[in-house]
């Protein structure tokens, strides 16, 4: 039998590992469904990385959303402190305790409670855990942080053996456990807990780079399950933990042919008269002062007038400043803010790291569920990250927006006035529609010009259009092109006046030539009338001559006939009478 003739070994049907959802936004996506059900999970990180909060939310969401009571065993913080700390996130742990959905037990490490005399060194802890679990029928437990036990033992060998027994005991009871541990120097944990918890390990990291802090989460291992392997930024705020979800790589976004207005009618006309595709991404790029924010505000106003929710993220101006400035050009955003259709959020880009900005943007978009999002400008993000980092961030953001069919408009400051690269961010490949704003210098003045660099899936104008920011918003002028090229501003007015004068001169010349033509026509018609009269007179004279000549000829013929008959005596009297009768008839004629 040849090697290539061997049959492939048959695989058994694939079974999914049972999981316990954490309820933490984004974490269940990274872990593809949650933590391993009935197994221990190790959460490691340095002090302040969010280990306790992650464990607490695992219990809270389990009780509130999945009906799974839980037990929190704290080896560091007293019960009162834990309840007070979590209350700042809007959760009432006392209420959960009263409803038998949660038990909190503070285990204080003291030498008197730990007897290193044999096999059952942690037996008291086992009894406390068993009672707490059985009292409410708990399905989840958090041990925070169990490494504190090492401070009470002089012989860590005994403790390690007991920890193995503890984790095995929890696993046999079918309890989904979260164990927190401190990161070590060069090791996952200070005391090697990862040796005992081999099912799932999650690492939390809190780093500071150039005075900007960033939190990241990584699933180091997950036995029996696929999972995200990258580092994922996460945010801790008043709502708890939010983890950046996995970015889709399938490019399977659904699209629509529905169009939405840009808010500028003349600009819509440049896109086949219908505007942008809903769910597309638009970038308005231009140098300083070209009106990028004004285009963003026009887009938002049009969406609000359609009754759509909008989120406007500004990295340069406060909400009040944006509202005031836009009112000066006839765009009043205040009523839309009051009606909750529009929310403007302003922050300095240097307040957070790049990934934290992304987490916050996605969190707000998830909560508000807007139809339209504006980010003004993207350029400021370069200050807190490299071009590559910004592109990765935008890829994730655009992927999420497209998945939810959210139409997004980004503004971008172009530092060069050259018509080369439209974006210093090198993200034009991610954008569906790219509009370039620029200054056109001519006749000693600057004027604003606009053109569409690209727009996927639709026809668009290739003209450079002059636009003006007026008291009534943005107005586009029709393209005015002369022999010397395109004219804008004063040069346009001068050229228009010159063209009007030339046109009037041509019209007068044409009118003069038309009058000359009419005069010549009248002369020609007079001459034709004279010639016609002469012709008629000549024709009448000729006709008379012809008639006279005819009579003369007939008379001559009759005379000849009479003469011939007179010369014929043999003719009978009857013939003579006929001849005379014919003669008289001729004479009568």
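Just so it is clear, glycine is given a Cβ too, placed from its N, Cα and C backbone atoms.
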Per TrEMBL record, range annotated region 'Disordered' [choices 500-544, 545-589]: 545-589
Mean per-residue pLDDT computed across the domain 'KaiC' (258-490): 86
DSSP residue counts for the compositional bias 'Basic and acidic residues' (545-557), split into helix, strand and coil: 13 helix, 0 strand, 0 coil
